[in-house]
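Heads up, the thing below is written out as structure tokens.
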Amino acid sequence: MAIEDNGNVHGDATIPLLEEGKNIGDEENGYTDEETSGKPSLWMVYLSTFVAVCGSFAFGSCAGYSSPTQTAITKDLSLSLAEYSVFGSILTFGAMIGAITSGPIADFIGRKGAMRTATGFCVAGWLAIFFAKGALSLDIGRLATGYGMGVFSYVVPVFIAEIAPKNLRGALTTANQLMICCAVSVAFIIGTVLTWRTLALTGLIPCAILLFGLFFIPESPRWLAKIGHEKEFEAALQDLRGKGADISEEAAEIRDYIETLERLPKAKMLDLFQRRYLRSVIIGVGLMVFQQFGGINGICFYLSNIFESAGVSPSIATITYAIVQVPITALNTTVIDKAGRKPLLLVSSTGLVLACILSGTSFYLKDHNLAPSSVPILAVTGILMYIGSFSAGMGAVPWVVMSEIFPINIKGIAGSLATLVNWFGAWAVSYTFNFLMSWSSYGTFIIYAAINAVAIVFVITVVPETKGRTLEQIQAAINA
């Protein structure tokens, strides 16, 4: 399919999205297949999701880059440990800046425009790293890829949630996290055989696929409706739901919702704390706080060190990390729309508490020289259980929920706030982890266990179930 200069989207592109959502609605309203025109054809939704998650893969390539390249880069460019630490951590600063600007960019130039912007920064960053002769060029490149990551982390789940039929929205949005995990694992594994400059070039591959793919997919119909592009809105929706699909009901629902929002004043950061928006902001930001402050980035960034201090080979650590994380995240995409968001978050948080207690116990035994033979087994079991539990819910579900709960008039600014909090948490945890471990290794895991226990209470009392409902229904219920 092609996109012409007038912005109309032609072809069968829209079949999957709109039509599938429509048919589900028809079933709920008591219509049979014979009474609705058009058959659901999901290929355009899947194509659009595939193109968008190339951004997630680009994100994961950036995140997984510094771990396998540390020794080679430090040696080739004669960097001190402090200089390499700056190179490793400046990524999260770039991501924070990307997070702050991601919402306004996606609202101003559209979801596809924001993805193009993020890709441009990633390409420039990878080239700067590839041609680097010293620390400055490396850091500029790393900052640029970090900025791209920050934008991708917001715009990819939002775009997918806005195009997907409600019965597939969870699974398709979870594909974001799955691709990040795959890319990190790929970087870890191929980083052991490629030079650091060649590894930087591999980061350009998902960027190229994304830029090319954006020519063939429609813009988010909800964004087009919000900016008043009626013809393009209908064409994009029809494209996503299928040529023969009756989109009138879904289009009317989106229009009514957006008309209601248009009567409200333009949202500013302080408006997020008004009563009508406060619950959705608490849910979105709260989940990001628990996702990060439960310790995931400290554990992932220093996986090799943790295993080494427990007496286990670090190379085994990296490979088992990849083996555990990817299949569980993949399984997650298949169950999220059946099991629901809340059950996955609760199972995940409970597993994280138990995993932290196991890991903490292993370090307690080691520090007090008790049962030395069981220390490595407990440590490995605890860490693998932690990664498995995180991948089962806390990794992907907060991003899915964030993409669903914010009304479209505050989505840009609220999504930016949630994404910023997430990246600040990622930086804070990875920065403090080594200090905490030197203070008390078992104490560190007990702190993380306590935070994850509070997360269980938060999910039970505050987070709503969003599966099987349209975005408009979810937001109306939360902000009633």
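Glycine is no exception: its Cβ is also placed from the backbone N, Cα and C atoms.
Note that this is a predicted model, so its numbers are computed, not measured.
Copied over from TrEMBL:
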DOMAIN    41-467  domain 'Major facilitator superfamily (MFS) profile'
TRANSMEM  43-66  transmembrane segment
TRANSMEM  86-106  transmembrane segment
TRANSMEM  118-138  transmembrane segment
TRANSMEM  144-164  transmembrane segment
TRANSMEM  176-194  transmembrane segment
TRANSMEM  200-217  transmembrane segment
TRANSMEM  277-304  transmembrane segment
TRANSMEM  310-332  transmembrane segment
TRANSMEM  344-365  transmembrane segment
TRANSMEM  377-401  transmembrane segment
TRANSMEM  413-433  transmembrane segment
TRANSMEM  445-463  transmembrane segment
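Sequence-distant residue pairs (6 or more apart) of the transmembrane segment (144-164) and the transmembrane segment (310-332) include fewer than 3 whose Cβ atoms are under 8 Å, leaving the two stretches without contact. Contact check: the transmembrane segment (445-463) against the transmembrane segment (277-304) gives at least three Cβ pairs closer than 8 Å, residues 6 or more apart, which meets the contact criterion. At the 8 Å Cβ threshold, with sequence separation of at least 6, the transmembrane segment (118-138) comes into contact with the transmembrane segment (200-217) through 3 or more pairs.
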